[in-house]
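Engineer: One structure, as structure tokens, below. Some questions next.
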Amino acid sequence: MAHLAVAQASVSVPISNDTFPRSHGFKAYNLRIQDKPWGPLVNLKANYASSRSQWRICMSVQQATRSKVTVSPLTLEDAKDPPINTFKPKEPYTATIVSVERIVGPKAPGETCHIVIDHGGNVPYWEGQSYGVIPPGENPKKPGSPNNVRLYSIASTRYGDAFDGKTASLCVRRAVYYEAETGKEDPSKKGVCSNFLCDSKPGDKVKITGPSGKVMLLPEEDPNATHIMIATGTGVAPFRGYLRRMFMESVPTFKFNGLAWLFLGVANTDSLLYDEEFTKYLEDYPDNFRYDKALSREQKNRNGGKMYVQDKIEEYSDEIFKRLDGGAHIYFCGLKGMMPGIQETLKRVAEERGESWEEKLSQLKKNKQWHVEALVIIKRMSRCSARRAEIENGQAIMWSSVHRIIVCIVIP
């Protein structure tokens, strides 16, 4: 299908000490890494001359195989606590754009890009954390001051798409604004940071802060645990990192043998993100991975309406509830509107089981099985801008975002 041709994730492997060619085309290779076949590979678009002077090769996500990739440096496993705010807004780290790839098909509403950033190993992070990005230019509300930080969930493991601990990947949807009266795009109101990132070229510089966040960290104490991940749109970003750590990378200290269950809701087939990568895990690890998709513009729910992720959750609500009773972790990351429906479904199942959902939810939170972020939507005249808040230790830490929402709190 059309979207398969463009959904190329930037999975990179260093293979020599030559400098990057500046090529804008794709060139196929066949390569064996430590006697593991990796099939046809392609060069990064517009590769840039790396300070490490190495060739890199971009592997399309569908080429992931069951033979896991060796990662380094393994010292990234040594820390007992996650790194927090290594770089702050007043003194950000200047990183380099490695690649920017559109990862949705032509029929997807809007554009989403997979962006690989080279931080040189200087801004380490854990799966489930976020980077802050400071777009160039002045803050329109504070002339002479830089733009505010926008936070984006990291879509790669701590080793990055190059498996060397020196890159991080972001999944970014380009934010645009259309006038309600005319239906025409108004460039003056477009998302400053998302457009900056999606328009970036290899070699461009980007100021980053962080990493930040503890709520969405992947618990690894029990390698046999069940992890239920519910995402809409670019909310799948942290879950991609989880799944690569579970199924793609060879990590001596983490041998996952539990169940990872991903629910992904998007508009249509062309809007699916990292679908080939997830489908390959499903083929290679059928006992450890489940993958359910809700396509609102192509599927119908049991009542004949559009299929949203909460409808897909309802289909499996009894099983999900039983797994939660057994200690499963559940995570939510995505677009507005999904959480109330999910909560109502789980509440109804609890009542059918003769239980109180409020008490159950309280116990899940106490057991640290419930992983939720929150986003506040603020309406300004005909325009809606987003502010996401992560609920951590009872406090809301505000950050700017436009496309990742878990709990929607509407302020008139």
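Positions of Cβ are set from backbone N, Cα and C atoms, glycine also.
Sequence annotations record features per position, and here TrEMBL assigns domain 'FAD-binding FR-type' to 90-218. According to TrEMBL, the feature NADP(+) binding site maps to S153, R173, T234, S296, R297, K306, G334, L335, E373.
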Engineer: Grab the pLDDT values for the domain 'FAD-binding FR-type' (90-218) and give me their mean, rounded.
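Structural biologist: Taking every residue of the domain 'FAD-binding FR-type' (90-218) together, the mean pLDDT is 93.
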Engineer: Within 10 Å of the Cβ of T234 (NADP(+) binding site), how many other Cβ atoms can be counted across all chains shown?
Structural biologist: 25
Engineer: When you measure from the Cβ of R297 (NADP(+) binding site), how many other Cβ atoms are you left with inside 10 Å?
Structural biologist: 14
